[in-house]
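Taken straight from TrEMBL:
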TRANSMEM  B:12-33  transmembrane segment
TRANSMEM  B:40-66  transmembrane segment
TRANSMEM  B:86-107  transmembrane segment
TRANSMEM  B:114-135  transmembrane segment
TRANSMEM  B:183-211  transmembrane segment
TRANSMEM  B:231-250  transmembrane segment
TRANSMEM  B:270-292  transmembrane segment
TRANSMEM  B:336-358  transmembrane segment
Amino acid sequence: MNAFLAQLLNGLDKGGAYALIALGLTLVFGTLGVVNFAHGALFMLGCFMAVTFRYLITIEKVTTDPTQLSPWGQPLEVRAPIVQDWLGDFGLFLVDYSVPFSILLTIPVMLAIGIGMERGLIKHFYKRTHAEQILVTFGLAIVIGEIVKSIYGPNPWPQPIPSDLRSAADIGRWLGMEPNTLTYPWWRMIYLMFSLGVIAAVFAFLRFTTFGMVVRAGMADREAVGLLGINIDKRFTVVFGLAAVVAGVAGAMYTPLLPPNYQIGMDFLVLSFVVVVVGGMGSLPGAVLAGFLLGILQSFASMTEVKSLIPGIDQVIIYLVAVVILLVRPRGLMGRRGVMEG
Amino acid sequence: MFHLSRKDQIKLAIFALVVVTMPIWLAPLGAAYPGLMQKFAIYAIFAIGFNILFGLTGYLSFGHAAFLGVGSYTAVWSFKLLTMDIVPALIFSTLLAGVFALVIGFFSLRRTGIYFSILTLAFAQMCYSLAYSVLTPITNGETGLLLARNDPRVIDEALGAGTVGGAGLPTPALLGNTVSGYFGFYICAALLILAFFISQKIFASPFGLALRGIKSNQTRMIYTGFNIRPYMLAAFVISGMFAGLAGGLLSVTDPIAGAERMRWTESGNIVLMTILGGVGTLIGPVIGAWVIEYFENIFSAINKNMLNAAFDFLPDGVQNLAVTVLSKFVGEGWHLTLGLLFVLIVVFLPGGLVEGYLKLVARFRRGRGTKPEAGGK
């Protein structure tokens, strides 16, 4: 039972990441009708926003302290982040909590990148076939990946978890079990909460704001909304930017769990496309549901008991589930008829 | 069976001539060494096969690398267990890839559009992951499947033929002649010409016409009483067998098979080659494969010193700038060039290089005052 719960929890945070990426993919597909293979690259850019933020705030100022001497008899060099100079203790706090604070950098930058991408390239592809959309965004993903590689190099960049959050929460004790029987690292829990919060925010945005209402109307019938005198293209551009932000913050917060390198986007993209298709192309709740479902299934499949029963299952479970669901439920879990079948 | 229209005969003759004379016309381009030319031929076969599926039916498979990988492994196993002769190796790798394609196609073709793409991708990724993990006894995991001196090689043993290649590792052979260098290239070239011929036959046949009908209007084909499933499956299996043959040839020219050949990036690569050359045209995929293989080889070999030498005539500051910028695009960074090329091609020339050529020809003719010919796909 405990092992079961532990795997469930482990699957949830991964599922959160899948759900966030799949949500953005579906949002773009539902509004713009574009299959965006560069979405994984946006996730990767988000990861590197966290890396960049930490790099910037840990730039050090070297001062010499004449009152202290190093073992070689020279004045001791004192290295301290510049932010500490400026902000004092808050600066140190900022360095410690660089990953969550990097969201402040991620949101505006990703919004700009998303809008730029849509205006610069994607908008020319609304009328083209899905195959061509896949190909051009695939090419774009290669380009983004290579640019990141040429700046940050091919090696992963580990990001630290804030020091207060490195321990694990003793969930078992909360549920009235023996202490330390069921623990869950704080950061994973935060990631799970964070992803749920972002998902709720996106849904609320689409549900309860006028902007969201117009976007939903545009998803249902773009032409009619346009005839009402609403500039729907402009709103859809913002939606693309929003999807980029969601992917970006998902990536930035994920960095402590998996050190990012330039390939992380592609790895997540393949999985999240499977997630989107399993959920049903164009269905936002489907994407979220399938994201968590596949995350949890993957986590269960990597249990030793399961692996000894069916060797190799942990490697293929996601694809296996995708194949079965697509064959049994042709349009995924919650997809509509006639979407993406041409 | 071997009949071709006059136009196709001429095309085939020219194509054969171009392929056979490759060592001559590639020499000024700096690519006339056998290893690279073998790859030219092999990837052209792969692309021709992929084009039979994607070009004729419009079904975008993202899992063709699986068949390439299966072909490679089969060929190496044939070398290990049966004989170092390449004929059985190639036959087995083609057939086994065909069987894989039959199974995968049987399921994947139940869906269309992106669902088909994702299904093929899922199957290929399963093959890839399994080859790395559980199937290690068959695939030898990350190391890759290698030949060994003490492999059984039943047929060679029975015939009493000594291992070809003397004291070292045995090398693949055709009827006792070691396959390497130019001989290897000409084997690949012969198979490429054969593949081109088969592709011509398919394009000109009623079967090919039916596939094109499926591409342009599937519903109408069904309403006219066509059962499209067997046609689609046949196209999928044929294209899988071409991929298997290409995989087998990769093992013949270099008897190592690794799982990375099954990775989905490899599938993306073949899509890229086909698109770059021109989807649905006979010659397009071949050109695409050649261009990409050529650039991969040439661009990734350029380094900073060569750039410095090339821009020596510029003032120092400009030279440094040019070298710094360009060095991002060559050597390790040649994928960046590839990605950019890809984006540009899809944006400006969706029909690939062949369409670009036809447009040029049409413009040229219009310039001379004759009526432009409709650019045929």
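Each Cβ is built from the backbone N, Cα and C atoms, and glycine gets one as well.
Note: the stretches the transmembrane segment (B:183-211) and the transmembrane segment (B:336-358) are not in contact (fewer than 3 CB pairs below 8 A, sequence gap of 6 or more).
Count of Cβ pairs under 8 Å against the transmembrane segment (B:86-107): among B:12-33, B:40-66, B:114-135, B:231-250, B:270-292, the largest is for B:231-250.
If one looks beyond the transmembrane segment (B:12-33) by at least 6 residues along the same chain, the residues whose Cβ comes under 8 Å of a Cβ in the stretch are 4, 40-41, 182, 185-186, 189, 192-193, 196-197, 200, 283, 286, 294, 297-298. Beyond the ends of the transmembrane segment (B:40-66), by six or more residues, the same chain brings 19, 22, 100, 104, 108-109, 112, 116-125, 127-128, 185, 188-189, 191-192, 195-196, 199, 202-203, 208, 211-212, 214-215, 232, 235-236, 238-243, 245-246, 249-250, 253, 261-271, 273-274, 277, 279-281, 284-286, 288-290, 292-294 to within a C-beta distance below 8 angstroms of the stretch.
Non-local neighbours of the transmembrane segment (B:270-292) in the same chain are 11, 15, 40, 43-44, 46-48, 50-51, 54-56, 60, 62, 64-65, 192, 196, 199-200, 203, 243, 338, 341-342, 345-346, 351-355, 377; each lies 6+ residues outside the stretch with a CB under 8 Å from one of its CB atoms.
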